[in-house]
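A.B. asks: Sharing the feature lines straight out of TrEMBL:
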TRANSMEM  B:17-38  transmembrane segment
TRANSMEM  B:58-81  transmembrane segment
DOMAIN    B:65-181  domain 'ABC3 transporter permease C-terminal'
TRANSMEM  B:102-128  transmembrane segment
TRANSMEM  B:148-172  transmembrane segment
TRANSMEM  B:200-224  transmembrane segment
TRANSMEM  B:244-265  transmembrane segment
TRANSMEM  B:277-298  transmembrane segment
TRANSMEM  B:310-336  transmembrane segment
TRANSMEM  B:369-395  transmembrane segment
TRANSMEM  B:620-642  transmembrane segment
TRANSMEM  B:663-694  transmembrane segment
TRANSMEM  B:714-737  transmembrane segment
Amino acid sequence: MKREVLKIDHIQKYYGNKNNITKAIDDISFSVYEGEFIGVMGASGSGKTTLLNVISTIDTVSAGHIYLGGQDITEIDDRKLAQFRRENLGFIFQEFNLLDTLTLEENISYALTINKVPAAEIPGKVKHIADKLGINEILNKYPGEVSGGQKQRCACARAIVNKPNVIMADEPTGALDSKSAQMLMETLISMNEELAATILMVTHDAFSASYAKRILFLKDGKIFNEIIRGDKSRKQFFGEILDVMTLLGGDLRDVR
Amino acid sequence: MYAKLALRNARKSMKDYLIYIVTLMICVGLFYSFMSISSRYYVSSLPVEYDLKLLQNLMRYPVIGITAVLIFLVKYVNNYILRRKQKEFAIQTLLGMEQKSVAFLFFVETLIMGLISIVIGIILGAFFSQVLTSNIMSFFEEEYHMYFSLFPDTVLITVIGFCAVFILIGFLNIRKIRKMKIVDMLRANKELQDDMKKEFLMPFMILVMTAISINKVMDGLLLYKQYKDVMILGSRGFMDVVSFYGNLILPLFFAGTVAMYLILCIIKRKLLSIQKLIIILTGFTILIIAFALMIVAGHPLMDRTTTNGAYMYVMIYLVFFMFAVFYSLSTLMQIFKTKSKRWKYKGNTLFIVGQINARLTSNTRTMSILAGTILLAITTFIVDPILSGWAMGYLKERAVYDIQIATEGNSKTTLNTLPDGDFTYVEETLEEMGIVLKDSLKVEFYYLNDKEFVEGSFEQPIMAISLSDYNHLRAMAGSTQIDLKENEFSLQWHYSVTEEEIEKYLKENKTITINNENLVQANEIRHREKLGEAIYSFSSDTSVVIIIPDILCKSLLIGKCNYYGNAMSKMSYETAQEINAALNQKIEQISKDHQYYTELRMRTKQRNEGISVALLTKLLLFYGGIVLFVISFTVLSLHQLADSSDFKHRFQIIKKMGVSDTSINGIILSQMGIWFGLPILFAGISAIITGRFYMKWTEVIINTLIGSKEFYDALFKMMMIIIVLFVSYFVSTWVLFKKNIELY
Ligand SMILES: Nc1ncnc2c1ncn2[C@@H]1O[C@H](COP(=O)(O)OP(=O)(O)O)[C@@H](O)[C@H]1O
Ligand SMILES: [Mg+2]
């Protein structure tokens, strides 16, 4: 059995006041193992982003516990949170989350710098990861000068360069055309398979989700279903996902 | 219905408008308070001998003129708001509102905000006006108790003036919004930036500076010829040689570099980037300034023209430096990033440099102009205490007696028409006017011997006064008596005579001879009592009077005769004016027959006019300085607060990446510190250089008329005002910035 990297234990998250409570997350539990590639699917408003936010310590849970690498992150001192985040987590988000004031190379280096990697090692590490993800040619450009897909690949490079325990991706293909989306998903797969990155990806897009090894379906803040790819081909898996989505109900029409 | 909508909109975007209101409030408040001094209703509890009319009349138009500069700021802040609201306009238009109505709505909104700021501004101004008044009263050495009151005429002119400005700008905006395309509205709330279309300013400046550099080389050659021999022999030989060659070669390099660039351009048949050129030139500029300063600092052998000329060069190169440094800064940072891996990959340097750089590249010209403006403002604040202190000190020097009349020979005077010392008309006039004198004195000044009187000469020699007259004058001025032995003489000096000049005179005149009698220098020979300026000859080289024992005076030729009078009670300004007119009339009649000068001075008039001029200088320079500071600090602050959504996004990203809150606070502080600090740093350094020079230039005045302690106290006060102003701008920008980017 692989090491358990992340354990979600009966977490809940409420928004609002006494009169008007939204249960964004309503008692969710699951585990993520080392080297896994998990997809979380659900309609808009089903609580995906909230789930990601509480795991990434950007938001706090209302109840329950989250263990990352054995440590209960719901109990971590506020002052240590930032350090915890930069040492354990990598992020890829829907909006292109690169710093527009820095070149791609600097964006990746900056992630290493804030992790206090010695300056001498930084150029080498950046080059290594850029080679892997095929963005070597454009390292000296600014985000404004490259395509959306290239930006997302740079975001991937930045997320993985610190070798985090888990990489969190929130709708990474959300703003991409289908060709770029496919290329990005292949990048993620190679990160997962070749660089042994553990990935937790949130999406409402069945095509992107079909690249994952295991999928959790959320509905109204609860886990509604779970499917595993196993030895199935990606096409078969894609079909299976669509079936579950039909089951989930009509509010998930925007599939590709 | 639109009014309601506008009101609701205004309430909603209060945070956006906060800056607008605060800026306008400060503008209105400043204008109101300075304008209130010239109000008809401005009542100050001044005693009868003072009258503020003169000051009020002189103040009015300059204040309005200076305020006109503020319109620029109002327009700038308005543009900022306009840019921030463009998305909102787009949505309103998309929802089907006519663009005409959108524009009108914005107009009403800004007008409401403008009116609010006028109201608050006037109240603020009324308070500030009281602070100003208590300062004015301290000039007149009067107590003052603050109270609150509004002056209808000032309120009216403030309201009308500012409303006119708002409406004018408003109409310009309406036109602008009506012409806008929706796409542009959606896109255009980016950067507050200069139009970077084609940059002509910098190439132009470089060419001008090249010409100036060539000129400086010429000057350097002249200087070299002029001083070569003396300097090489001098004790500071080595430094002098360095200074000379530096001043010669560096401008040559400057011009040479530009020439080389032009040649390269011709060879390659295209315009090469001037970025690197500017960096090199900036370097040369710094060196040129440093070397020119070595000349300014002076050498005992150099004359005023040389040092002043060098100073002009310092000023010109400083201005160029101010522009060049901001142009080269972003290039320099680029180079720094590629060259220095160690610093680049340390902490948050990368991020901060990125933030600054993004801003800088689109705002270089604004930054240069801001630095220049701040320099001007600081200079104003340094010059202010010098000039106003000068005027006040000079006043104390000369307004010592209620009435002073001086008569003195001129080029038309013959031996028979020398001043006769007949002042009976004065006493007659005073009696007619009902002025009772407490004390009066006729003082005679003598040529040291008859030969000193030269008919037709424009110049008068140094004259002598008898000890008893001198002591009487001192008594009337309220000071102690001096003693003199029979074979001694002493000297009374004008404030402007420097210690070196005194030393020189004393060395050359160890003794003086009067009627074959030799007089030696008394122990106390540096009297600088404030006895008015009438005792010195109008037209002599050195302003000094020789004090000699009474008996020696008997046989001497009188060359100058003065009348002094102190009244029993204080003279009101009006009475003083009347007496002045009456006496001047008589003097005119008399001088028809007599060929000599007559000068009349009345204390009440002197004080009124002197204080008015001093106050005018003080208030206008202060107002001008404050206006410049407010403009530059507001623009700097807006640079930070504009595009807060971009900033917010960036900070969100780095926070997710695991940058801690304390680090983020640090980043914000250093980013703002650099942004505010750079122009202030450059302006401050330049101000110190230029300020030092002004102070050196007016050293005598500072030491004698103002008093160096008083001067430095005043200077310190001014610097404190700058610091308080800066800190409050910095802190409020910081707070707003943090609010703007509030995470999650
Ligand atoms: N900050 C918040 N305050 C109040 N309600 C929120 C907040 N964030 C999310 N919600 C609510 O929580 C639910 C889940 O939101 P979210 O996690 O963003 O869903 P998803 O990412 O799946 O679209 C939604 O009903 C949303 O309205
Ligand atoms: Mg979401």
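Using N, Cα and C of the backbone, Cβ positions are placed for all residues, glycine too.
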A.B. asks: Verify whether three or more Cβ pairs under 8 angstroms connect the transmembrane segment (B:369-395) with the transmembrane segment (B:663-694), leaving out any pair fewer than 6 apart in sequence.
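C.D. replies: With 3 or more qualifying Cβ pairs, these stretches touch.
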A.B. asks: Within the domain 'ABC3 transporter permease C-terminal' (B:65-181) only, compute the mean pLDDT.
C.D. replies: 86
A.B. asks: For the transmembrane segment (B:244-265), find every same-chain residue at least 6 residues outside the stretch whose CB is under 8 Å from a CB in it, and list them.
C.D. replies: 206-207, 209-210, 212-214, 216-217, 220-221, 223-224, 227, 231, 271-272, 274, 277, 280-281, 284-285, 287-288, 291-292, 294-295, 310
A.B. asks: Would the transmembrane segment (B:620-642) and the transmembrane segment (B:310-336) count as touching if the test is at least 3 Cβ pairs under 8 Å, pairs 6 or more apart?
C.D. replies: no
A.B. asks: Under 8 Å for C-beta pairs, could you tell me which stretch among B:102-128, B:148-172, B:200-224, B:277-298, B:310-336 has the largest tally with the transmembrane segment (B:369-395)?
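C.D. replies: Of the candidates B:102-128, B:148-172, B:200-224, B:277-298, B:310-336, B:310-336 scores highest.
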A.B. asks: When the domain 'ABC3 transporter permease C-terminal' (B:65-181) is classified with DSSP, how many of its residues are helical, how many are strand and how many are coil?
C.D. replies: 99 helix, 0 strand, 18 coil
